[in-house]
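Some notes on the structure that comes next.
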Amino acid sequence: MADRSLHLVVLILLGTALCAAQPRGRILRGQEAPSHSRPYMASVQVNGKHVCGGFLIAEQWVMSAAHCLEDVADGKVQVLLGAHSLSQPEPSKRLYDVLRVVPHPGSRTETIDHDLLLLQLSEKAVLGPAVQLLPWQREDRDVAAGTLCDVAGWGVVSHTGRKPDRLQHLLLPVLDRATCNLRTYHDGTITERMMCAESNRRDTCKGDSGGPLVCGSVAEGVVTSGSRICGNHKKPGIYTRLASYVAWIDGVMAEGAAA
């Protein structure tokens, strides 16, 4: 009996370690999006490899998450627009160089607060059916709990680390902040600058970070992840609320236009 108990403990600890080591950044239990159905989506790339999502908010500006490029020192940052497949030739695809990388000044590696990043493209994006701007929320109000919102990305889709070549998406219901702040969930760490969505085995995380949480055709939030394990219903997905940063976003883009 003692040997069996010890064996069970070892299995539990091993399972816990494996879960902790599994890659964050996956759209879990999503599905492939219809081709070019989300023409605002951007692939933020470093040295030619996808690292995060993003979305086009102005002809020369892409929104993403600050922690996406925290560990990038000398890498070449570029943005791919007009893509459904990351690897296959598509007439609409174009890779843009980045002129400026502007993380929110309050962003820090040890926290997910202020987790926003603006990327100024070296030239204006060529708009068309597969490349479009996404309106973003400027009115400072909370999205009603239960509202179904869309998230999309190219993050890994399984615990084995398999990466999709084509854009994936899923719908997630918004969770009210009070519930998200319960001790059993995020224990009071969710500020008014953040919002949550349910994550019961369906979720997005770091590999999809920077992509938009789209509610009613408007970007309400930006995907962030922190250190949580994705797909855990006790750790709802966390998103940066764009409406809390209108002045900063407008100011950065105005400064870029004047440069």
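Including glycine, each Cβ sits where the backbone N, Cα and C put it.
Bear in mind that the values here come from a model prediction, so they are computed numbers and not experimental data.
Marked as signal peptide by Swiss-Prot on the basis of sequence analysis: 1-21.
The domain 'Peptidase S1' annotation in Swiss-Prot covers 27-254 and is backed by sequence analysis.
Annotation source Swiss-Prot lists disulfide bond at Cys52-Cys68 (among others), citing sequence analysis. Secondary structure from DSSP puts Cys52 (disulfide bond) in a beta strand.
Taken residue by residue with DSSP, His67 (active site, charge relay system) is part of a helix. Take the CB of His67 (active site, charge relay system) and look out to 10 A: across all protein chains shown you find 23 other CB atoms. Among the features that Swiss-Prot reports, active site, charge relay system is placed at His67 (among others).
Within its own chain, Asp115 (active site, charge relay system) has Ala65, Ala66, His67, His104, Ser107, Val222, Thr224, Thr240 as residues 6 or more apart in sequence whose C-beta sits under 8 angstroms from its own. Positions annotated as active site, charge relay system by Swiss-Prot: Asp115 (among others).
Positions annotated as disulfide bond by Swiss-Prot: Cys149-Cys215 (among others). The DSSP secondary structure for Cys215 (disulfide bond) is strand. If you draw a 10 Å sphere around the CB of Cys215 (disulfide bond), it holds 20 other CB atoms from the protein chains shown.
The secondary structure of Cys180 (disulfide bond), as reduced to three states from DSSP, is helical. Residue density at Cys180 (disulfide bond): 24 other Cβ atoms are found within 10 A of its Cβ, drawing on all protein chains shown. The disulfide bond annotation in Swiss-Prot covers Cys180-Cys196 (among others).
What Swiss-Prot records for Cys205-Cys230 (among others) is disulfide bond.
Sequence annotations record features per position, and here Swiss-Prot assigns active site, charge relay system to Ser209 (among others). Take the CB of Ser209 (active site, charge relay system) and look out to 10 A: across all protein chains shown you find 30 other CB atoms. DSSP gives Ser209 (active site, charge relay system) a coil state; it is part of no helix or strand.
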Mean of the pLDDT scores, which run from 0 to 100, over the domain 'Peptidase S1' (27-254): 91
Taking the Cβ of Cys149 (disulfide bond) as reference, which residues of that chain separated by at least 6 in sequence fall under 8 Å from it? Val143, Leu171, Leu172, Pro173, Val174, Ala197, Leu213, Val214, Cys215, Glu220, Gly221
Cα proximity to Cys52 (disulfide bond), best match among recorded positions Cys180, Cys196, Ser209: Ser209
Relative to the Cα of Ser209 (active site, charge relay system), which of the disulfide-bonded residues Cys68, Cys180, Cys196 has the closest Cα? Cys68
